[in-house]
Amino acid sequence: MATDIEPRAGVKKLEAEPTAAYGDGYGNDKLDLQRTTTITTLDVADESLPAPASDDIGPPPDGGFTAWSCAASASFVTFCLMGFVCSFGQLQEYYLVHQLAGYSKSTVAWIGSVQATEVFIFSVIWGRIFDAHGARPLVLVGTTLSVVAVVAMGFCKEYYQIFLSHFLFGFASGMIWPTVTAVGGHWFSTRRGTAIGLIVGGSGGGGIVYPIMFKHLFLRMSFRNSLLIVAAMNAALMFPAWFFLKSRLPKRKPIALKRLARPWHDKQYAFFAIGCGFYMFNWMSPMFNAPIISRANNASPAVYDYSVAIVSAGGLFGRTLSGWMADKLGVWNVFGTTSFFTAIVLFGFYVPSPIPNGALVAGFVLYGWVSGAWLTLVSAVVAKISPVEEVGIRIGMAWSVCGPFMVAGPVICGALIQVDDNKFGYAGIFCGFTFLIASFLAVGPRMVQVIRGFIARKPDPSAA
């Protein structure tokens, strides 16, 4: 706005605050500390400015029954959905011996890869719907379709049937994942990390329970009855979300499609989202291939049978505690540490061969811990660098970026494992370098901001 136009009589003249050296909250670097801008109250109607005070419903309550019941019900949902997705390795072993005995591992792996990809790739669509209409419609439809998919899965015998049932489950999970990870930002501010840790921590618990549950169910009863039991359990655990999982902000018109480009002008957000894509490139690979890694290192039967559950156990603690740590130590500090440490774990525990049992278990637990913590804090970081009215759509776009990466990662790792005589060495190097690249992309702009603030010897108001 031009500064040489005087406002009409009776219209208050406002002076903008000096802009900090390390950004305006949207990632745009501003180096002119003395710049001021004259605006009038008529300018508030511009869509690029904050909403009028009449739409302000106040800060998040940061606690109370409604807020914590929302977080708890969301945790049950992630327990069921992500627990099922992360246990595909156990289902894959069963498929290769029974319904899909004539198919190669890479062909069967496509089922799990596509299912996991769907959880994230359509998030931009679901995030836009969440911002406009709230959580309830997505929760109602998504939970229902996920139960239907598991029931249908129990009756599948052919490859295309199994693929379609897993496709439906991934589609339903995709409707809910950006919703449950974004809703914490509606109800919590100073305790946001703890709340999101509780929500996403449910997926870690599911990652422990579901592989063990599938293993024992398949030993005792038919595949159909096993899947029907799982469907009934999922329905019971997700039912409370129909009543308690809801957003706080009022309904409003969907964000115009042309405004979807605006967050990408925020350098910090753009680099962060692309970095997330590189991280998710191989986020699933060490978990899906845990049994293969165990077999290649002549692990004990107990480690082999429960390798996926061991990784998930580490993930449970990482997802649950990372939120609390972020509230105490700063979300950027914890996120950056876990991001870089993931690459270190891959190079230290997954590449060398042979690996003794103790080191193998330690590697599984550590990978689960850091990767689970990273997954939890993505939403907290986006909420921190985004205006509250765009949190849903920005989280959705970040997860959507991850989708295409996730399709290719496990397949490439599968090919590298075959080249390496069924060992994870080559695949481990590949995973480690993708995690390293992801870390520099996601955390790099933040590091630049901190360095600039240190050089300028000015306090950093956006510090974690």
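Positions of Cβ are set from backbone N, Cα and C atoms, glycine also.
What TrEMBL lists as transmembrane segment is 65-88, 108-129, 135-155, 167-188, 194-214, 226-245, 268-285, 329-352, 358-383, 395-418, 424-443. The feature domain 'Major facilitator superfamily (MFS) profile' is assigned by TrEMBL to 67-457.
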So, does the transmembrane segment (194-214) come close enough to the transmembrane segment (358-383) to give 3+ Cβ pairs below 8 Å, pairs being at least 6 apart in sequence?
-> yes
One stretch in 65-88, 108-129, 135-155 has more Cβ pairs under 8 Å to the transmembrane segment (395-418) than the rest, namely 108-129
Under 8 Å, at least 3 Cβ pairs, sequence separation 6 or more: does that hold for the transmembrane segment (226-245) versus the transmembrane segment (108-129)?
-> no
Same-chain residues at least 6 beyond the ends of the transmembrane segment (194-214) whose Cβ lies under 8 Å from its Cβ atoms | 67-68, 71-72, 74-84, 86-87, 89-91, 94, 180-181, 183-185, 187-188, 226, 230, 287, 306, 308-309, 311-313, 315-324, 326-327, 368, 372, 375-377, 379-380
